[in-house]
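All remarks here apply to the structure that follows.
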Amino acid sequence: MFPAAMTAILRSAALRELESRHANAQPSLMERAGQAAARLALALQAPLAAPPLIFAGPGNNGGDALVMARLLRQQGLQPVVVFTGEEERLPPDARHAFLAWQQAGGEVHSEVPPGHYGLVVDGLFGIGLSRPLDERYLSWVERINGYGGPVLALDCPSGLDSETGRILGAAVRASHTLSFIALKPGLLTLDGPDCCGELSVDDLSLGQDLAAASGGQKVERPLFAAELKPRPKNSHKGSHGSAGIIGGAPGMAGAALLAGRAALKLGAGRVYVGMLERLSVDPIQPELMLRPAEEVLTLSTALALGPGLGQSGPAQELLYQAIDVPLPLLIDADGLNLLAKHPVLAGRLARRSTPSLLTPHPAEAARLLDCPLEQVQQDRVAAAQEIARRFNSIAVLKGCGSIIASPDGQWFINTTGNPGLASAGSGDVLSGIIVALLAQGWPPLAAALAGVHLHGAAADAQAAQQIGPVGLTAGELPDAARQLFNAWMPDA
Ligand SMILES: NC(=O)C1=CN([C@@H]2O[C@H](COP(=O)(O)OP(=O)(O)OC[C@H]3O[C@@H](n4cnc5c(N)ncnc54)[C@H](O)[C@@H]3O)[C@@H](O)[C@H]2O)[C@@H](O)CC1
Ligand SMILES: [K+]
């Protein structure tokens with residue numbers, strides 16, 4: 001198992017609750033945070049050939065930075081501290097750290113003294129950032145980003161909203177971020193991954209409390225490893241389910257074929273593709289069985305509806321019928337747009353007793369929630385949870401740091417993947433991967449987690465060979481995903 005701290009993601013309310021329960025801990029949580037930061041700085045070694053430049057802000061994040069400065073000084077380093085707050089307005093723990101720094105002989109500066117610095121430490125703001133940066137802080141962030149050497153952000157890169165991953169005016173671009181207690185959603189989604197650099201977590205010895213804390217989890221293989229089962233030698237194609245893909249209106253046949261090819265390569269025993277565009281064979285992948293869409297509804301053991309479906313009358317009718325078939329059902333693309341337009345269909349979906357999965361990108365999510373796109377991106381976790389709740393479905397909100405939410409309130413953030421996935425057809429491949437797992441009998445949440453994780457990991461594997469991120473095509477993903485999936489399987 002992964003240690004809980006590597007996977008737990010807490011929103012600030014849960015973090016504050018944990019912090020207040022440990023308000024009298026010895027050493028204090030702030031002392032532990034400073035120790036962890038000093039340890040990481042020392043481990044980075046090379047940047048310490050010159051003094052570290054440590055920015056300490058007006059709150060407890062600044063307090064962490066001041067503890068760190070004191071501990072580095074004890075190690076014989078000569079940190080230079082720039083303090084941007086007001087001493088008399090510091091919260092108690094940070095004020096204590098401020099006085100301890102002074103008692104240890106440290107000085108605080110209000111401007112950066114000229115000199116050469118080996119490492120810049122960003123202790124301006126953590127989870128307490130509550131409004132966009134003003135001119136003064138914009139200019140501090142610009143200075144930090146213009147420095148050019150390694151930058152270690154404490155808890156969260158300043159300017160990044162740790163709840164949501166939004167940049168509030170400007171944000172520090174760190175080379176390393178050390179998150180305290182647990183991960184935060186904003187580090188993993190939207191703009192967070194571009195700001196954090198190499199992300200690590202120190203649980204400040206609260207690991208025991210994390211399992212009980214209410215929050216989400218980073219998607220890691222142990223979450224679905226129980227479903228990675230070697231195949232019995234005595235297998236036949238009927239043993240591995242039949243994935244059905246419905247979509248492919250005239251002019252959009254490629255979407256359904258991509259999903260079908262992905263489903264085939266992720267191990268569905270049979271793949272039926274029911275297209276509105278009547279093709280008789282996929283010459284690239286003749287294993288795909290192309291059938292009238294209505295037939296696919298009855299032949300499959302799991303369904304994905306939407307890739308290239310269009311929003312015609314027949315498309316709407318197919319969605320209506322698919323909702324009524326008691327099989328695991330994934331809905332993507334125009335299937336989602338139809339759901340958003342037709343509340344009757346949405347109501348029927350929410351009342352289904354077999355599992356449903358929705359895989360919107362942010363614009364589709366906004367249509368489902370009938371809200372502006374910005375509202376979805378302002379809080380991606382909340383948006384995914386609301387879709388899951390409203391449609392009684394597992395929701396996969398795609399984008400940088402895809403969010404997976406289930407109707408029972410669980411939520412997850414996936415961190416595999418790269419900009420190579422931001423291209424046409426990539427979502428169709430994801431649908432194909434997930435429906436293949438559903439067809440093979442995977443529980444729906446495990447199928448969604450594994451599918452999203454694998455899809456991203458396949459893109460990462462391609463990028464590692466310079467087949468991307470620029471120019472990675474969706475058609476190149478299924479082979480890479482297949483290779484990884486087989487590598488992840490335990491030996492028989
Ligand atoms: N409270 C605790 O027990 C612990 C807190 N820790 C640290 O404390 C941080 C949270 O501390 P705080 O709640 O004090 O919050 P921060 O230190 O993140 O910032 C809050 C301060 O910044 C000001 N502020 C917010 N947005 C601003 C803006 N845009 N421009 C100018 N000023 C702004 C607030 O008025 C407040 O003074 C965590 O991220 C973590 O680094 C750690 O030491 C672990 C323990
Ligand atoms: K920070």
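Residue 1 is the first one shown; counting continues down the chain.
The backbone N, Cα and C atoms fix where each Cβ goes, and this holds for glycine too.
Database features, via TrEMBL:
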- 60-64, 126-132, Tyr137, Asp155, Ala255, Gly308, His361, Asp428: (6S)-NADPHX binding site (BINDING)
- Asn61, Asp122, Ser158: K(+) binding site (BINDING)
- Lys398, Gly399, Cys400, Gly401, Ser402, Gly427: AMP binding site (BINDING)
- 6-212: domain 'YjeF N-terminal' (DOMAIN)
- 220-488: domain 'YjeF C-terminal' (DOMAIN)
Other C-beta atoms within 10 angstroms of the C-beta of Cys400 (AMP binding site) total 20
Expected list for ligand 2 (Cβ under 6 angstroms, binding-site residues Ser158, Ser402, Gly427) reads Ser158
The answer, for which of the binding-site residues Gly63, Gly308, Gly399, Gly401 has its Cβ ringed by the most other Cβ atoms inside 10 Å, is Gly63
DSSP, reduced to three states, assigns Asp122 (K(+) binding site) to strand
CB < 6 Å to ligand 1, subset of binding-site residues Asp122, Ser158, Gly308, Lys398, Ser402, seq order -> none
Fewest C-beta neighbours within 10 angstroms among the binding-site residues Asn61, Ser130 belongs to Ser130
Per DSSP (helix/strand/coil reduction), Ser158 (K(+) binding site) sits in coil
With Ser158 (K(+) binding site) as reference and a Cα-Cα limit of 10 Å, the qualifying binding-site residues from Asn60, Ile127, Gly399, Cys400, Gly401 are Ile127
